[in-house]
Amino acid sequence: MEDPAGRRVDYGDRRFDEHDLAPTPLAQFQAWYSDAVEAGVVEPNAMTVATAGADGVSARTVLLKAVDGRGFVFYTNQRSRKALAIAHDPRVALLFTWHGTHRQVAVRGTAEEVPRAETEAYFASRPYGSRIGAWVSEQSRTTPSAAALHEREAQLRERWPDTGSPDDVPTPPHWGGYLVRALEVEFWQGRTSRLHDRLVLVAADGPARLDDPAPWRTERRQP
């Protein structure tokens with residue numbers, strides 16, 4: 001492999017100043033997300049989710065499925081390592097990395113389960129194969145082989161055939177959504193000479209709504 005120490009990327013000199021901030025964290029996130037989509041970033045909704053469980057810290061890539069005034073929503077098997085970690089300690093961190101725009105958004109907050117009705121509505125919107133897959137995988141557990149997973153998939157497809165209905169596969173009782181309520185949202189803009197812009201919105205009194213400007217103060221942090 002190449003020596004990673006020798007790889008350099010010129011981030012350009014696009015500035016991100018305090019006067020460039022949108023009125024709320026939600027509006028700013030939506031603006032940058034739209035820029036990432038327009039720049040052709042692959043899966044701009046991909047985010048790293050970091051947790052701290054009884055067995056230590058861990059991180060993985062998960063897809064954002066909703067963002068609104070409440071916070072950021074993702075779905076997962078609730079017996080997975082990440083879900084067990086959240087049950088142990090609800091404090092989490094999210095990181096969106098958009099290489100095509102030389103930007104990052106880092107979020108610190110707390111995770112909680114979304115209402116069951118919200119989980120079931122989202123599950124029904126998923127493609128048939130994804131709904132079956134949620135039943136097939138006992139996420140984070142070992143399996144004797146890939147063939148064992150495919151055999152279970154075939155059994156479940158026979159049990160719940162694809163009828164074209166969103167109700168043909170029930171929502172697993174161990175599968176659900178998590179809402180991350182933000183305490184801090186950092187907007188990072190890459191610039192030349194490592195003098196990047198880092199504007200951080202901080203909610204001093206606990207998790208706050210992303211669509212309300214009142215609870216948030218702005219800090220500029222050194223890169």
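Including glycine, each Cβ sits where the backbone N, Cα and C put it.
Database features, via Swiss-Prot:
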| type | residues | note |
| --- | --- | --- |
| BINDING | Arg8, Val9, Asp10, Tyr11, Lys65, Tyr122, Arg126, Ser130, Arg194, Leu195, His196 | substrate binding site |
| BINDING | 60-65, 75-76, 81-82, Gln104, 139-140, Trp188, Arg198 | FMN binding site |
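Shown on the structure are the features that Swiss-Prot records.
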{"residue": "Arg8", "record": "substrate binding site", "DSSP (3 states)": "coil"}
{"residue": "Arg60", "record": "FMN binding site", "DSSP (3 states)": "strand"}
{"residue": "Lys65", "record": "substrate binding site", "DSSP (3 states)": "coil"}
{"residue": "Tyr75", "record": "FMN binding site", "DSSP (3 states)": "strand"}
{"residue": "Arg81", "record": "FMN binding site", "DSSP (3 states)": "helix"}
{"residue": "Ser140", "record": "FMN binding site", "DSSP (3 states)": "coil"}
{"residue": "Arg194", "record": "substrate binding site", "DSSP (3 states)": "helix"}
Binding-site residues: Arg81, Arg194, His196 - member with fewest neighbouring CB atoms within 10 Å: Arg194
All-chain count of other Cβ atoms within 10 Å of Arg198 (FMN binding site): 16
Substrate binding residues Arg8, Val9, Asp10, Tyr11, Lys65, Tyr122, Arg126, Ser130, Arg194, Leu195, His196: largest Cα-Cα distance, in Å and rounded to whole number: 43
Assigned element (helix, strand, coil) containing Gln104 (FMN binding site), judged by DSSP: strand
Fewest-neighbour residue among binding-site residues, criterion Cβ within 10 Å, set Arg8, Arg60: Arg8
Protein Cβ atoms within 10 Å of Gln104 (FMN binding site), excluding its own: 18
C-alpha spacing of Asp10 (substrate binding site) relative to Arg198 (FMN binding site), in angstrom: 17
For Arg126 (substrate binding site), the one of Arg60, Val62, Arg81, Gln104 that lies nearest, given that the binding-site residues are compared by Cα: Val62
Residue pair Asp10 (substrate binding site), Arg60 (FMN binding site) - Cα distance, angstrom, rounded: 27
